[in-house]
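Pulled from Swiss-Prot:
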{"type": "DOMAIN", "residues": "24-91", "note": "domain 'POTRA 1'"}
{"type": "DOMAIN", "residues": "92-172", "note": "domain 'POTRA 2'"}
{"type": "DOMAIN", "residues": "175-263", "note": "domain 'POTRA 3'"}
{"type": "DOMAIN", "residues": "266-344", "note": "domain 'POTRA 4'"}
{"type": "DOMAIN", "residues": "347-421", "note": "domain 'POTRA 5'"}
{"type": "SIGNAL", "residues": "1-20", "note": "signal peptide"}
Amino acid sequence: MAMKKLLIASLLLSSATVYGADGFVVKDIHFEGLQRVAVGAALLSMPIRVGDTATDEDIGNTIRALFATGNFEDVRVLRDGDSVVVQVKERPTIASITFSGNKAVKEEMLKQNLDAQGVRVGEALDRTTISNIEKGLEDFYYSAGKYSTTVKAVVTPLPRNRVDLKLVFTEGVSAKIQQINIVGNHAFTTDELISRFQLRDEVPWWNVVGDRKYQKQKLAGDLETLRSFYLDRGYARFNIDSTQVSLTPDKKGIYITLNITEGAQYKLSGTVVNGNMAGHSAEIEQLAKVHPGELYNGAKVTKMENDIKQLLGRYGYAYPRVATQQEINDADKTVKLHISVDAGNRFYVRHVRFEGNDITKDSVLRREMRQMEGAWLGSNLVDQGKERLNRLGYFETVDTETQRVPGSPDQVDVVYKVKERNTGSINVGVGFGTESGVSFQFGIQQDNWLGTGNSVGFSGTKNDYQTYAELSMTDPYFTVDGVSLGGKIFYNDFSADDADLSDYDLRRYGVGTTLGFPISENHSLNFGLDYVHDDLTNMQPQVTMWRYLDSVGINPKVVTTNKADSDADFSADDFFLSMGWSYNNLDRGYFPTAGSRASLTGKVTVPGSDNEYYKITFDASHYIPLSESGNWVLMGRARAGYADGLGGKNVPFYDNFYAGGSNTVRGFRSNTIGPKAAYYKCNSGNTRYSDCPVDKSSDAVGGNAMAIASAELIMPTPFLSEKYANSVRTSLFVDGGTVWDTSWQNTSATRAAGIPDYSDPGNIRISSGIALQWMSPLGPLVFSYAQPVKKYDGDKSEQFQFNIGKTW
């Protein structure tokens, strides 16, 4: 029976008679200890095979090769006659990785760090590298300024040679910056330079961007900010010589010292443009033109390069190369720019494709395209298509990608990748005010009906004072040229008295249609025709109301003994011709971050109507991004309206302008801003209502003129994950507005009753507050809390409002 011998030991004691000078011929190879690793995989990693002559060098190489696979903790090679026996001890497999104590860093980031070290579930765990794993994670924390963090890896054995790897973190506190020193600055003070940093040694309470917690990445960003600051002001030789970061003994404080060389300011002496400009040299040279003697500016140079690339991109040169070299003359402190341009190949579009539109039909997206298939690639046209898709409001995100066609030197495919959002909604509106209590609204809206791009909606309100219903539909592409067609039918039964408005009941129904005509990429005109029937009953003697009735030829009686005798009933059938202009270049349809939207609309009664008047409204919004990410946005909105009678008739009081509420001036109850009703209180001695005394009230009656303005600072929602940034929006706002009646007559009777002059537009109401909008899976939710800052007698506050709905 053959004796197994440890080959390494045997070789040390070898003799030619046992192994031979050239080793032995391997007739078989056996493995002992394999569990997870397949025999075939182990054999492939070995340098020797059956039939080979094994030498001591081969055996050593075999051991090293098996260790190199990372699958084994121990390897031994034995000889059993002419057979090689390989004894191994496999490393355990990581069954799970868990974390404990990590509050400052998310698990996803820690897993990415481990993955970079080759530590992941399903892989073998090398126990000898545990300390390296711990140190790698600690270094990761150090880069975030948490120098007192410790990491302990706990390995728990499991059946079948598996282990659970648990990483326990003791984070401690973040190291705070005690002082930032800049050495070598002469043209600018240290405070002036540090004021542009994210990292600060002192952070005022109002600065929501500054941070005293040290982070390596933020320091790198601040260094780039410092470099750009100097380069943009002519310091072409500026250099950051060294950066020193010192840690206090308790690891809680950081001292940062930046050593810089400012150099002198340099001026531009001119530009030289050369290279392949694809026949657009005149346009490129115009973009590269500078004024000799102006200060060198690094930001302008970068913009110049980007402008040249964009110019060439509009002509189909998708991948141009533009590089700028500086010729610095230290003697006269000037810089000449040498701009090298290589337009490259001109590309044509083979296909325009869409991905991610599972509901919306391709034709709906394709009709928004300005880049045509078969034409040369125009980067501006591709961008216009992206903007138009965003503006539809059907998608959470829209991304574009230009893919080169394999085997073609001059063809590309343009791919629009969209992520659809829920465009249908069933909304229940809830409002709560200190005086109004709770009210409800209901609505169904589908902005992308069956993926056709058509809008279909039904809305209704049912409460103690109103029953309202409206059915509407709009086809934005009624014709292939983009002419839109819309229509609606509505019914409204309204008791103004129960709504704390002027006393009357209104039953109204009507139908209307609108045609819209695009006149440019962002401008459109629309024309409409509407029919409206109004029945007014239970009208009580009120100055504005009676003045209107008198203008249309109705002279209500003045009788005080019977309330019913003082009522007046009135019906009107009106036909309106409406006209409007609109402009829209917002970057997306919902939650915009840049651009403007404006509209000017008007309507006028046509012959055959019982009323004769016109009404004009203007509404404009503008968004200014304050950060590249679009998280910080300044929004301003202005609205104005005016109406006046024709042919000696007054504007119907029931079609007045109103303000107050969630869509106008938040913090005030809906429709309560502006003129209030003044009721006649006649007695038996009065024969004309104009002779009657009047009483003031808090019932809103509206006015024929309106002006409203809002300013909002849109900001990141605190404690919210970045992935929800496109569905949640928080803002601080200030609203202001007023409604007035230009035909109001401030008589002795109204003055005696203490009624203010309602023709004065200066009675402006102001409120401020905070708002949150959320496109939640359960539906759109809007929350606002506002406090009136400036109010007048009779105004009614409503601080808290929210809407909640269901989307599909």
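Glycine residues also receive a Cβ, built from the backbone N, Cα and C atoms like all the rest.
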Tell me, roughly as an integer, the mean pLDDT over the domain 'POTRA 1' (24-91).
88
Secondary structure composition of the domain 'POTRA 4' (266-344) [DSSP: H/G/I, E/B, coil]
24 helix, 29 strand, 26 coil
Give the residue counts of the domain 'POTRA 3' (175-263) per reduced DSSP state, in the order helix, strand, coil.
21 helix, 29 strand, 39 coil
Residue counts for the domain 'POTRA 5' (347-421) under DSSP, helix then strand then coil, are 19 helix, 29 strand, 27 coil
Count up the helix, strand and coil residues in the domain 'POTRA 1' (24-91) according to DSSP, in that order.
19 helix, 26 strand, 23 coil
